[in-house]
Amino acid sequence: MHILTREDAQYIDHIVPTAFDIPLELLMENAGRGLVDALWGNYNLLQLDENNMQGRFVLFLCGCGNNGADGLVAARHLMEQGVPVRVVLCGNPDKGSTLFQSQLKRCKVMGCSVEVYDDFNDWSQAVVVVEGLVGTGLEGVLRSSTIEILHDIDIMRTQYGFDVWAIDVPAGLDATTGQISEGTLACDYTVTFGAMKQGLLLYPGKNVGGVCIVAPLGVPWQQMIEDRYKTFTIDNELAELLIEYRSDTAHKGVNGNLLIIGGSQDMVGAPILAGEAAVHSGAGKTTLAVPEKIQKIVQDRIIPEVMVTSITDDMSDLCHQRNVVAIGPGLGRTDEVKTLVQSVLTTCDNPLVFDADALYAMGHIGIVNTDALMSGDFNELYSVSKSIPLCVMTPHLGEFSRLIDMPVKWIEHNYVIVARAFAMAHNVVLVLKGIPSLVALPDGTVYINTIGNSGMGTGGMGDVLTGIISAFISQGYSLQDSAVLGVYVHSRSADLLSDNKPWGYTPSDVSLHIGQVIGELLGERK
Ligand SMILES: NC(=O)C1=CN([C@@H]2O[C@H](COP(=O)(O)OP(=O)(O)OC[C@H]3O[C@@H](n4cnc5c(N)ncnc54)[C@H](OP(=O)(O)O)[C@@H]3O)[C@@H](O)[C@H]2O)[C@@H](O)CC1
Ligand SMILES: [K+]
């Protein structure tokens, strides 16, 4: 599913009227109707008809931009359907947008009840409150006057129990970054237009959107953003498209030959988890290369399907015999590891997956230019200081912070944009393991994961993900498809477990459910 940023939405606003000869007013009409449909889907508004209304109404709190104007359109439609509505204006209508002015005029001509916020104090009869104070047009942080209104809504809903619906995005949410301004209200529902807004999928924004409903705009806007960077969700629909039926004649020789380099005296389990996950994900042959000192322990503990060998000074032969090499799980942070990673980087020409300590060993590999971010110059945002061959990199936020030499907090605030800049500049597939995880591709496309659960926050989960992604590559999937499918399968497997056990399930349990997820995805094709 496509995701839109605030900038995409503004671009659509700007381009549609000229490209399709469809005035913005028509998009707004569709947006308002979509909102009304969603309200009907959740409430029996017929109960509010003339005979039975007992003074109750749907309350629209409208700012004076187009977000508020959407609310005015919705109010007009509900009036037609006999539903009592009250519109309360917040701000100075004389300074409102052109469309706001014309929608307000229509509402008034139709006899809609329109009041100003300072005169309104009748919350007790509101069945539902629809917030159209500000949407994608938010400038900076919320003004104190708006924060006060949001605070009033919050107090009144506790007292009277109504639901709060946000138009497009909750007031105060940055539709691109998911950052929220002080005073942003956690809504019960959000009706967002055209496509899911990126900020509603990223934290803390995800906590304030409530149930999100996408209302269509009635124009194929997808054509209009062809040349812009694209963002999609990782979900069941996408994973079903990517998974391929395995031929009846497939044998271990065609399902790939995978090498995982990992382990150290203190971290014996990490390569085992990665290796076992690879087997459960369908890799034809899986070999672990671990330090000689722990080879015996690993052999004794791992499932017999995985072959175990030892790391040597020259890994080139071992690497060349494989069609994918994953390096990092549990390797440790010694100088020998740095040398090992460097030699794999320079000598191995197979598809590579870099994880955990292999990423640590790389040190800083690029420089972020924060001034470019402020000035909106995306091309200058990130520059490479150390080249990496085409590969999959799977850092968590701490590892990513080291790679780009920026604090984790900064990365969280600039999550998608910095991941995109990194993947493009290094020409790698980046799997950034945050909440939510995302996959960024060399062409700038970003996929944001929409599934998974907090039970996944336990040591060893990342090792399992490395095993899954590597196994998909070994079976012939492209690096990017393997990364996206890997993230999906990993999270879905954990979601199956969390149905019975919200947390406390293990990474090994996740591995054991991979086959079930693949079965779900293949469905009838099995
Ligand atoms: N293509 C699409 O997706 C479509 C989008 N559509 C809709 O348009 C919406 C975007 O409309 P938009 O651009 O007019 O901006 P909008 O969100 O109303 O904000 C401006 C208002 O907010 C106020 N305000 C600003 N900053 C503030 C702050 N910090 N704190 C407090 N207030 C602040 C500002 O006040 P002012 O500064 O002018 O006094 C002004 O009143 C979008 O979200 C969607 O609902 C649909 O109609 C159809 C197609
Ligand atoms: K809003």
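Glycine residues also receive a Cβ, built from the backbone N, Cα and C atoms like all the rest.
TrEMBL annotates K433, G434, I435, P436, S437 as AMP-binding residues; of G460, G462, G467, the candidate listed for that same site is G462. Counting only the Cα atoms, the space from N66 ((6S)-NADPHX binding site) to P436 (AMP binding site) is about 30 angstrom.
In the vicinity of ligand 2, defined as a Cβ distance under 6 Å, none of the binding-site residues N66, A69, E139, H396, S437, G462 are placed. Note on proximity: among T136, D168, H396, the binding-site residues of the record, the Cα nearest P436 (AMP binding site) is that of H396. Computed over the domain 'YjeF C-terminal' (235-521), the whole-number mean pLDDT of the model equals 95.
T136 ((6S)-NADPHX binding site) counts 25 other C-beta atoms within 10 Å of its own C-beta, drawing on all protein chains shown.
For the AMP site, whose annotated binding residues are K433, G434, I435, P436, S437, G462, the maximal Cα to Cα separation is 14 Å. Counting neighbouring Cβ atoms within 10 Å of each of the binding-site residues (H396, K433), the lowest count belongs to H396.
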